[in-house]
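The domain 'UmuC' annotation in Swiss-Prot covers 6-186 and is backed by sequence analysis. Annotated Mg(2+) binding site per Swiss-Prot: 10, 104, in sequence order. Residues annotated as site 'Substrate discrimination' in Swiss-Prot: 15. Annotation comment: Swiss-Prot describes 105 as active site.
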């Protein structure tokens, strides 16, 4: 079996990049996209703003305290979706095996692509040049033998960077990788690993699978596999699923429900994008909202909404209000749909048709 070649592409500060492209006066100022009111939240920001310490999900008031000259513009999800479609169309000219994760990132499996003499590195370089030239924004790319490593690689030289992990380099690369870089390792899991003396993937390898499974259950085996740089997940163009959802974990807790309201439009837009990418036109049976509070308690509320064909923000707002009757700091927020459980055939459409 041929060694897989996976590319992960991630648009740099996507919403802000689109705003700077369309309004050149914003290119040289610290810029945030998000709610402009006193209780608004930063959805994303450009790198000039990040230099002041501004981050996604940060309350707007704190962002302006850190960066008094911060310019804030409201999000325009329709425009961002259109730009996303341009980017994804370019990716699909390289291969049909494209798995979008959100509006601004995707995996590509280029194992069997003959272009550029089969060099995934040259393919990634070509894609970055095309997106820059034709769309007017930059993307960072990571090339590796699997999805886990490709995603880490794309973040390695952000913004506007390319990083490659070849198969012979995997062992040395992961041995020094901090455990916080592993998918699914948040503050709590990292603290538990640190308590065991595990700071890097090399430490985790030395600890062994048996101890990890004893301490973390099934997650322990997955951690052990990632610590060795192993990930057999395929790039999935479409699949039949019982539900589709998107969620976002915030590096800084959302302070209240008003802040959650600010984040919801982007979540719903990403959900609809994911539904269209998966090409699933099964009847929607339920909508749900998921919240994880700062104390790590997790709550989900779902309601039957069989008349909904394309979920809208207004469909999820009552669920959020009911699930969160009073203000509490929120660590994670998600939205999703469940499909009716029947044997009706699923219509699979080509992406972006």
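Just so it is clear, glycine is given a Cβ too, placed from its N, Cα and C backbone atoms.
Within 10 Å of the C-beta of residue 10 (Mg(2+) binding site) we count 19 further C-beta atoms, all protein chains included. If you take the C-beta of residue 15 (site 'Substrate discrimination') and look for same-chain residues 6 or more apart in sequence within under 8 angstroms, you find 33, 43, 44, 75, 80, 266.
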